[in-house]
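J.: Here's the feature list from TrEMBL:
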type	residues	note
ACT_SITE	Asp114	active site
ACT_SITE	Asp130	active site
TRANSMEM	61-80	transmembrane segment
TRANSMEM	87-104	transmembrane segment
TRANSMEM	124-145	transmembrane segment
Amino acid sequence: MSNKIKSLIIFVVVLLDQLLKYFVKTSIATGAELKMIPGVISLTNIKNSGAAWSLWEGKTWIFIIVTIIFIPFAVYFLFFKKYQSKWFNVGLSLILGGTIGNFIDRIFQKQVIDMLMLKFMDFPIFNLADTAINIGVLCLIIYLFQSGKENTVE
């Protein structure tokens, strides 16, 4: 997979994440709900200074440090190791885009905005960056279970 495609995936994730967060921040009052598909999904505006599911609430500095350490490693493996696997490249690109999206919020707002609320099940509110990270992790799990030539490094 070309570096341009990997960069495009990262850029699109960050852009969509930040645009959705901006829309929510400017259009939906904190704690209010905008029904998108009734009974399925709504948008809300919740501030989260922790991680997924508000774990480690108020420990923003930990996530900033971990992200500062993670980004150079991810960039190295994504752009300099040249893994053949599309699962690896797409997965790490999604994780990197989601990580950067939440990092921007933590640096400038000391928290992230969570807005996606699943109405058909009891599930924590999350954001687009979280979604990209989780899909990216799923791609990496698929990559790890693959065998053969596709997993080689150039």
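Glycine is treated like the rest: Cβ placed from N, Cα and C.
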J.: Check each residue in the chain of Asp114 (active site) that is at least six apart in sequence and keep those whose C-beta is under 8 Å from its C-beta; list them in sequence order.
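T.: The answer is Thr44, Ile46, Lys47, Asn48, Pro124, Ile125, Phe126, Asn127, Asp130.
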J.: Which three-state DSSP class does Asp114 (active site) fall into?
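T.: In three-state terms, Asp114 (active site) counts as strand.
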